[in-house]
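Enquirer: Take this structure first; my questions come after.
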């Protein structure tokens with residue numbers, strides 16, 4: 001346990017951070033590193049050697065025998081590592097602690113990049129991991145993890161390269177806008193992200209007995225427990241002692257890695273919890289979230305828990321998401337999404353707000369795709385997560401500001417209201433907007449919050465969002481660049497009004513869960529893309545390809561490869577679920593069902609031989625219900641088997657994914673209905689796997 005007095009010194013103690021670099025690197029090297037981070041694309045060879053030598057020294061001093069890239073996240077969305085030893089043999093048969101400069105900054109050759117690239121490409125393709133300086137090296141499990149980006153042999157981006165490129169492109173255009181508006185001291189604009197990570201904890205022994213959780217991350221069968229989340233007593237409730245101990249250890253491990261974990265609490269569903277960090281620059285936040293999820297699972301294992309990060313591990317209760325708080329900030333400290341005291345006169349705020357509105361409206365299908373997956377599609381559109389229809393909530397105050405913009409009038413602020421209630425001890429003002437949990441993209445004071453994010457993968461898909469915003473800012477720049485002074489002020493008002501009129505259909509402050517909104521959205525022409533296959537044609541549209549290739553974020557080949565990979569991953573996920581479900585029904589559930597029916601039948605026969613009249617009414621009723629469910633289950637199982645076989649023979653990616661979504665998933669839902677009916681009647685002692693009641697309500 002970290003003592004409170006040592007917390008500040010322990011924070012980042014496993015990181016080769018700026019403080020350490022300043023202490024250990026020669027002054028000229030340290031300055032060169034910072035220059036590279038801020039402006040230059042490459043580090044000089046001599047500087048790279050010095051950095052590598054210092055990394056070697058860190059590894060030696062901290063007894064790290066291996067080094068590896070820090071969990072690069074290739075196209076599967078999963079962590080990838082390749083560990084190499086610092087040890088090198090010498091001519092006299094001994095070994096030396098060797099600097100590995102080429103393995104970090106000059107390129108680390110990886111075998112089989114095609115495993116992450118696409119099965120449609122050359123299977124012998126190799127890949128490289130090249131060093132980057134925007135991230136710090138750190139120590140994990142006895143290895144020194146060195147910051148890299150992963151690319152294929154041909155230079156195609158496979159992980160964070162596209163995010164870094166998009167951030168650079170957005171910054172360039174945003175800086176141009178800020179200087180046009182008179183902010184000459186702005187040299188860089190970054191996006192920031194704070195990701196609220198939801199997760200479930202269950203007993204590890206229960207987890208090991210569930211094939212579906214082990215193989216797919218979610219339960220494929222399971223009758224609901226007698227109690228769910230209807231009492232609303234878990235959200236922000238008192239954290240149970242053993243869970244609190246887990247959270248405490250998790251905080252300490254994250255703090256040592258320099259991850260600013262801040263908030264922890266119980267979530268809505270039983271056994272569901274949340275961890276939230278302080279916001280960071282987008283690329284750092286994405287990497288830290290990837291690392292956080294890995295650490296969460298490892299710490300859970302030490303506490304005899306299993307940490308479930310799937311978006312919908314349990315039917316009938318809320319699933320998990322990643323609530324991403326996203327903003328735009330200058331290097332001079334200006335939050336461009338902060339309305340300030342007078343939002344109607346805050347021109348930078350209005351310009352970037354309008355750019356966001358235009359980007360969300362124009363590229364809604366791509367935003368929907370960024371949160372689409374086989375797991376997350378179970379959650380979106382239900383009364384627990386934002387709908388699949390992309391809209392923006394701006395709150396009451398900003399709605400009035402936008403009305404003034406549209407009318408060409410000055411906005412008159414109503415003033416902040418005071419919070420008052422009986423026995424009030426302090427006076428404070430209300431926020432300028434409430435939170436709307438039914439909106440997929442909600443303004444929350446000085447940022448946008450997106451509740452639709454995946455809980456199981458990091459936020460690496462922010463690259464497209466950055467480019468959508470970059471395109472809209474560039475459009476405004478083109479319209480305004482010829483003006484200055486008072487003419488510029490008037491032209492800004494004109495352009496803002498023009499942009500708002502073109503895109504205001506995407507604004508919606510109401511309840512996104514209602515059928516009325518679905519009807520209204522259709523009238524407005526907003527797309528309702530219910531699953532990943534519905535989104536994919538938009539990804540390879542001419543408009544999308546032009547957006548990403550124009551600034552080198554993706555090549556056309558990279559776009560099409562992602563198209564194939566996303567569809568392939570979607571189909572494979574559902575295919576594995578189908579096979580796992582069939583196995584659990586045939587072996588695990590059927591075994592318990594038959595054993596119980598056999599014992600129940602014997603009991604009925606024995607009682608009828610001893611008793612007169614209408615005895616065994618209860619037992620007969622249960623037996624008949626089991627027999628009926630069993631018969632329907634058999635039919636549904638056969639249909640799922642046949643339809644899965646048909647899907648296995650399909651070759652076209654979109655057609656296959658669409659078939660899995662429309663047919664195989666529907667078969668699984670039908671089969672589950674009868675399986676859950678049967679399970680609800682079978683005593684727990686007959687089942688070889690734990691029930692919902694055991695898993696969700698056993699933590700202490």
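Heads up, the Cβ atoms here are built off N, Cα and C, so glycines get one too.
Small disclaimer: the values here were computed from a predicted structure and weren't measured.
Annotations per Swiss-Prot:
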- 65-155: domain 'GS beta-grasp' (DOMAIN)
- 159-589: domain 'GS catalytic' (DOMAIN)
- 196, 323, 472: Mg(2+) 1 binding site (BINDING)
- 198, 267, 274: Mg(2+) 2 binding site (BINDING)
- 318, 319, 435: L-glutamate binding site (BINDING)
- 327, 435: ATP binding site (BINDING)
Enquirer: If I take the Cα of residue 274 (Mg(2+) 2 binding site) as reference, which of the binding-site residues 196, 319, 323 has the closest Cα?
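Expert: Closest recorded candidate to residue 274 (Mg(2+) 2 binding site) by Cα: 196.
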Enquirer: Consider the binding-site residues 196, 198, 327, 472 and say which one has the Cα lying nearest the Cα of residue 319 (L-glutamate binding site).
Expert: 198
Enquirer: Taking the Cβ of residue 319 (L-glutamate binding site) as the centre, count every other Cβ atom within 10 Å, in any protein chain shown.
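Expert: There are 26 such Cβ atoms around residue 319 (L-glutamate binding site).
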Enquirer: Suppose you look only at the domain 'GS beta-grasp' (65-155); what would the mean pLDDT be?
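Expert: Overall, the domain 'GS beta-grasp' (65-155) comes to a mean pLDDT of 63.
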Enquirer: Just how many other Cβ atoms lie inside 10 Å of the Cβ on residue 198 (Mg(2+) 2 binding site)?
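Expert: Excluding its own Cβ, residue 198 (Mg(2+) 2 binding site) sees 23 Cβ atoms within 10 Å.
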Enquirer: In terms of Cα spacing, which of the binding-site residues 196, 318, 323, 327, 472 are within 10 angstroms of residue 267 (Mg(2+) 2 binding site)?
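Expert: Of everything listed, what lies within 10 Å of residue 267 (Mg(2+) 2 binding site) (Cα to Cα) is 318.
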Enquirer: Cα distance, residue 327 (ATP binding site) to residue 472 (Mg(2+) 1 binding site), nearest Å?
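Expert: Per the Cα atoms, residue 472 (Mg(2+) 1 binding site) and residue 327 (ATP binding site) stand 16 Å apart.
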Enquirer: Around the Mg(2+) 2 site (198, 267, 274), what further same-chain residues have their C-beta within 8 angstroms of the site's C-beta centre?
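Expert: What remains near the Cβ centre is 196, 197, 199, 265, 266, 268, 272, 273, 275, 320.
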Enquirer: Would you say which of the binding-site residues 196, 267, 274, 472 has the most Cβ atoms within 10 Å of its own Cβ?
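Expert: Of the binding-site residues 196, 267, 274, 472, the most buried by Cβ count within 10 Å is 472.
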Enquirer: Would you kindly give the Cα-Cα distance separating residue 323 (Mg(2+) 1 binding site) and residue 198 (Mg(2+) 2 binding site), rounded to the nearest Å?
Expert: 8
Enquirer: CB neighbours of residue 327 (ATP binding site) within 10 A?
Expert: 22
Enquirer: Check the binding-site residues 318, 323 for other C-beta atoms within 10 angstroms of each C-beta and report the one with the most.
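Expert: The residue with the most neighbouring Cβ atoms within 10 Å is 318.
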Enquirer: How would DSSP class residue 472 (Mg(2+) 1 binding site) in three states?
Expert: helix
